[in-house]
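**Q** Annotated DNA-binding region per TrEMBL: 88-134, in sequence order. Annotation comment: TrEMBL describes 86-133 as domain 'Homeobox'. TrEMBL lists 136-337 with the feature domain 'TLC'. Look at TrEMBL and you will find 346-398 tagged as region 'Disordered'. Residues or ranges marked as transmembrane segment in TrEMBL: 44-61, 145-165, 185-204, 269-287, 307-333.
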Amino acid sequence: MDGYRMWSSLNEWLWQDRFWLPANNSWADLEDRDGLVYPHPRDMLMALPLALVLLAVRFTFERFVGLPLSRWLGLRSQTRRLVKPIAALEKHFLTEGQRPTEPQMTLLATQCGLTLRQTQHWFRRRRNQDRPCLSKKFCEASWRFVFYLCSFIGGLLVLYHESWLWTPVMCWDNYPKQTLKLALYHWYLMELSFYISLLITLPFDIKRKDFKEQVVHHFITITLIVFSYSANLLRIGSLVLLLHDSSDFLLEACKLFNYTHWRRTCDTLFIIFSLVFFYTRLVLFPTEIIYTTYYESIANLEPFFSYYFFNTLLMLLQLLHVFWSCLILRMIYSFMKKGQMEKDVRSDVEESDSSDGEAAPEVPRLKNGAAHQPGAAPTDGPRIRAAGRVANGHTRAT
């Protein structure tokens, strides 16, 4: 009973009019009447089961569309040799870290009876073993491409005839007593469900170098969608969603062509994506979205809690835009320097045998192509290939 009373008190405090609505407005003003429908926070609960439905759709799409398509396009994942199980090294890899320091590496080598070079080789292969294959990357990118493209087209169809799409100041016309249109509700609900599904699968999806920023982005996006719907900030919220979708599907398309090695198409799409991203995220977003929420929204209203909270979320989103813009600029610099897009700077790449600062020294080549070192025999031929499995008296880790 006490728990119910506490929950009731917390719920009553959370939904106070002054937190969500401008002065002299109340939730009673937004009750459905005379055929007029207004958004209600409880409507967003439908996003939870719909997110599970999207997960099932995604699994089906990747299994029966994405994977066959990748094979049809000739995508082949690199074959990786599994490392030899070594308990001490595996324990360190899973609990202490995937990249031991040099003193740690030396200690582990001594414990396992390996050379330092063999231990480095083991950790390098073990990291590569956990990296996702190209087909998984392709399937994930293809699903996101399809959703972002459909969402962008759907958003355009929903908003094309709305005045606030072309004149953002109209987002505040008669606010907060703005009625809800069914098409806008369905689009909003689908977007929320998609981002919830992304948050659910984030631990299992491909982890990139901006993993933490992705987590922050998803949380901010979900909070923005739920909060804007609850406070009837649907108009400005819909502009934020459409603006983001306009470049997201281009990014996923770049990834698809990059994985299939269509370099020219990938490079062209990347330039288009970069221009759209910079214009929408660094020009339109601050000058149109943030400007209207910060200045024009309170032209006829007094500032209230939702005003400050919503603008804080938008500013955090803008900081993420700046962060990703820096990554894109690094890729553009690489593109201009080398003439083609090498990789997504957010992605981990396969490590070669000469990584970890242990590149082999150059040695002269004999006429038959074998390498020769002082005091070493030629490294080709059956005898040497058999002996090559032994180094300093230890079996080489594979």
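Here the Cβ of each residue, glycine as well, is placed from N, Cα and C on the backbone.
Keep in mind that TrEMBL annotations are predicted by a computer and have not been checked by a curator.
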**Q** Hey, which of 145-165, 185-204, 269-287, 307-333 has the most Cβ-Cβ pairs under 8 Å against the transmembrane segment (44-61)?
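**A** Maximum Cβ contact count belongs to 185-204.
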**Q** Does the transmembrane segment (185-204) make contact with the transmembrane segment (145-165) through 3 or more Cβ pairs under 8 Å, each pair 6 or more apart in sequence?
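**A** The answer is yes, given that the two segments have at least 3 Cβ pairs within the 8 Å cut-off.
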**Q** Just give the helix, strand and coil counts over the DNA-binding region (88-134), going by DSSP.
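**A** Counts, helix then strand then coil: 35 helix, 0 strand, 12 coil.
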**Q** Can you work out the mean pLDDT of the predicted model over the DNA-binding region (88-134)?
**A** 80
